[in-house]
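Q: Pasting the relevant annotations from TrEMBL:
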type	residues	note
TRANSMEM	24-45	transmembrane segment
TRANSMEM	66-95	transmembrane segment
TRANSMEM	107-126	transmembrane segment
TRANSMEM	133-154	transmembrane segment
TRANSMEM	215-242	transmembrane segment
DOMAIN	311-554	domain 'ABC transporter'
TRANSMEM	647-666	transmembrane segment
TRANSMEM	749-769	transmembrane segment
TRANSMEM	776-800	transmembrane segment
TRANSMEM	806-825	transmembrane segment
TRANSMEM	837-856	transmembrane segment
TRANSMEM	884-907	transmembrane segment
Amino acid sequence: MAFVTMTLFLRTNMHRDNVIDGGVYVGALFFTIVMIMFNGLIELTMTIAKLPVFYKQRDLRFYPSWAYAIPTWILNIPLTFVEVGVWVFITYYVIGFDPHVGRLFKQYLLLLLVNQMASGLFRLIGAVARNMIVANTFGSFVLLTLFVLGGVVLSREQVRKWWIWGYWTSPMMYGQTAIVVNEFLGNSWSHVPANSTEPLGIQVLKDHGFFTAPYMYWIGVGALFGYVIVFNLLFTLALTYLNPLEVSQAVQSNDAKTSRGDAALSVGAERGEGLMRGNKHSPSSSSTRQKIAFNANGRRGMVLPFEQHYITFKEEMKSQGVAEDKLVLLKELSGAFRPGVLTALMGVSGAGKTTLMDVLAGRKTGGYIEGNITISGYPKKQETFARISGYCEQNDIHSPHVTVYESLLYSAWLRLPSEVGSDTRKMFIEEVMELVELNPLREALVGLPGVNGLSTEQRKRLTIAVELVANPSIIFMDEPTSGLDARAAAIVMRTVRNTVDTGRTVVCTIHQPSIDIFEAFDELFLMKCGGQEIYVGPLGRHSSQLIKYFQGINGVSKIKDGYNPATWMLEVTTHAQEMALGVDFAELYKQSDLCRRNRALIEELSVPGPGSKDLYFPTQYSQPFFTQCMACLWKQRCSYWKNPSYTAVRLLFTTVIALMFGTMFWDLGSRRQASFYFSNYQTLTRLKSIQDLTNAMGSMYTAVLFLGIQNDLAVQPVASIERTVFYRERAAGMYSALPYALAQVLIEIPYILVQALVYGLIVYAMIGFEWTAAKFFWYIFFMYFTLLYFTFYGIMSVAITPNQDIALIVSGAFFGLWNLFSGFVVPRTRMPIWWRWYFWACPVSWTLYGLVASQFGDMKVPFENSILTVEDYVRDYLGYKHDFLGVVAAVIVGFTVLFAATFAISIKMFNFQHR
């Protein structure tokens, strides 16, 4: 930004001939203050991110609050010297400020204090607000007040009496006053222009409403130093007396089935009952298909029938790395998963459990896969496999602002075949909700994990239900009990057991299960580090077959009575035990009768059964494109309507900002003189001075930046959460990227229309712009599409970056450029020829062009006591032409469409979820 700024305000194009030239220097100094001040914005995010750890350590009496606050302040000081030094020493002489070296170091000192003041202010806002939503909203009001009342956007003489307190308490005012006094009282501005009695520097200061006394520099320095102390003191007090904001409690279920007693009963019943295996399947069976058919007949009835499928794999996956040096994650794995059989996929951390599941489910985004995977004897094709399979991820990813029932309805709408009618679909959803015990939670909002909404256990059940309503034949579950206590894990495993009893093929990775949960499984697929199998087979009653296999190996210690077989199994198969016993459990398994029986079973199931057919679907997705669009739009509508922290707060913020602007720039029409020409029934409005026009332009400039940036920052967390959900839903084959993108774009349109109308009506009436239909329409039009493209830019920045933090950095960098090239800081006519291209590429400059040209570009009356007309000034100095409005409107619409289209393309092409 320093490089861009110094080349934009290059001294070869910076003259000192008149007051208008001085205005360009004022713009350069204003942008300098803004950049240095808002450079401290990172303190806001950092402070809020560190608060949870601080509160924990403070409450445990690790240290007093001042011992935390003072080092935070002191450690920031060296960075301030470097940051400000880089800016000042690069830009000062290149821009062409007063060459006296004393004024160079005075500017450096002043900007050091501005940066420290801003850092203290942002730390204070973070400590008081304590979360990002409140901080962004409350902080925006504070920053807007400082920004508008800093002396440039609205000059001192024209600050209304009810806002004069804001002017005198604005730290930015003291910084802005000090920096312009330091510049314009220098020797470079001491010459007296023709037809004048005062030095040019004094004229520039008076024209912009700044003080002219030299001591105002030191008053500014003293005030900023005082604010540095005050803000850091208040930061310390906030840390001392404020506590963390309350975390919303999870939704409580009143279902008797989920009571503590029932949960304990279902898990703690006699072995073989409760959650125990309902159907035994031994790999030594000679007629597996007949047994599968037998289990299918005994399963629970469902409204929608489904085809049973089994999955086999042989010598599976070598993954990750470059072709020359592959890291083998899975090595020569073989297995078969069958309907009605609950299989546990276990191993130590790093054994490759989730990797194997991702490969089988087709969710792997990188690496190389070698081997054969078959579905009911036919080669697996991911396009068709996604239609008959479900994948329950460990992280329970759902849209937070829809209800449980809406989540299931949405999943069923997009994943069930189009032939399934609405009534049948709803009946099936009701059946799944009963199966997964979600009826008491049907109207509960899902919420964010650990923040509000459903508990972890409830979210696990919802994850299972979301997959079940797709009526899959095969379901993969990645650690469904991780992070749950014993009671919650029992509830989830009862749900899993119910799912298996419907006749589906279910595979779960599981980590350190209790005895009861472990023995709820029918079969075990055990892996060791390096991705090798060491046991694949039935558990047996009380894990008897597993225990018999490992105790049959010489040197393996016997299991103690009452000891958890899962824990014992992992302990006796560690790498250290292999070294101590001098054996390789993977080799022992390959040489065992169990392995030979498994291989025979795999060979049998790898051949299509008599009369079977390969999976085939006429279309890639269950629903046509239009239905996908309608379903996505329906979910977004539900989500936005139930998200007042985004939609309502944004509207409230806009209303308050509009009232603030209206009172700050109250009745701008009173600054104008009206001349009436009754002969032709026209009313011409005359602005008193160029400063009046600058103030009006300042109101537009500030509104566009603050409302636009606020829209951008507000939509990024929403878009980031929904993108994570999108990755899961797209992988499940629910829809293509375009319907999702269209829904995300279209849902914003009505909300932003209301926002633009509320802001436009309040501000237009209170400021007193000319009440003609055309001018009012243009004002609303440009504000509406400006808020739209800022919002779409925020969504787009999330789509093209890996995470929200990088999206914030990317968008923030462009906001600085858009501010600089908006046409307010420096008009296009005063920009060097090599930078004018970016003026035309900057969307904010087009917005300001449209707003100013539509309101003032056709005013043919002169300023008071001048022969210069408003139209001439707008055309010659600002470079705006009224007859160019049609093109400006088309370009603004074009930017809106461009950002929306870029979002759609990016969400389709980029996948930052690495598995």
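Along the chain as shown, residues are numbered 1 onward.
Any Cβ shown, glycine's included, is placed from N, Cα and C.
A description of the local structural setting of each listed feature is requested, covering burial, neighbours and distances.
A: Long-range neighbours of the transmembrane segment (24-45) within the same chain, counting only residues 6 or more positions beyond its ends whose Cβ lies under 8 Å from a Cβ of the stretch, are 1, 5, 9, 14, 76, 83-84, 87, 91, 95, 97, 111, 114-115, 117-119, 121-123, 125-126, 132, 135, 139, 147, 150, 152, 172, 175-176, 179-180, 183-184, 204, 208, 808, 812, 816, 819-820, 824-826, 830.
Residues 2-3, 5-7, 9-11, 14, 28, 32, 35-36, 39, 43, 54, 58, 104, 107-108, 111-112, 115-116, 119-120, 123, 232, 235-236, 239-240 of the same chain lie 6 or more positions beyond the ends of the transmembrane segment (66-95) yet place their CB under 8 Å from a CB of it.
When Cβ-Cβ distances below 8 Å are used as the criterion, the transmembrane segment (215-242) is approached by residues 54, 58, 64-66, 68-70, 73, 106, 109-110, 113-114, 116-117, 120-121, 123-124, 127-128, 130, 171, 174-175, 177-179, 181-182 of the same chain, each at least six residues removed from its ends.
Under 8 Å from some Cβ of the transmembrane segment (749-769) lie the Cβ atoms of residues 640, 647, 650-651, 654-655, 657-659, 661-663, 665-670, 696, 699, 703, 707, 711, 775-776, 779-780, 783-784, 787-788, 791, 855, all in the same chain and six or more residues away from its ends.
Proximity of distant same-chain residues to the transmembrane segment (776-800), defined by a Cβ-Cβ separation under 8 Å and at least 6 residues beyond the stretch ends, is recorded for 703-704, 707-709, 711-716, 719-720, 723, 744-745, 748-749, 752-753, 755-757, 759-760, 764, 769, 807, 810-811, 814, 843-844, 847, 850-851, 854-855, 885, 889, 892-893, 895-896, 899-900, 902-903, 906-907, 910.
Note on the transmembrane segment (837-856): residues 687, 693, 696-697, 700-701, 704-705, 708, 769-770, 774-775, 778-779, 781-783, 786, 789, 793, 817-819, 821-824, 828, 831, 870-871, 874, 878, 880-882, 884-885, 888-889, 891-892, 895 of its chain, located 6 or more positions outside it, place their CB under 8 angstroms from a CB of the stretch.
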Q: Averaged over the domain 'ABC transporter' (311-554), what pLDDT does the prediction give?
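A: Mean model confidence (pLDDT) across the domain 'ABC transporter' (311-554) is 85.
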Q: Which stretch from 133-154, 647-666, 806-825, 884-907 shares the most C-beta pairs under 8 Å with the transmembrane segment (107-126)?
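A: If we count Cβ pairs closer than 8 Å to the transmembrane segment (107-126), 133-154 scores highest.
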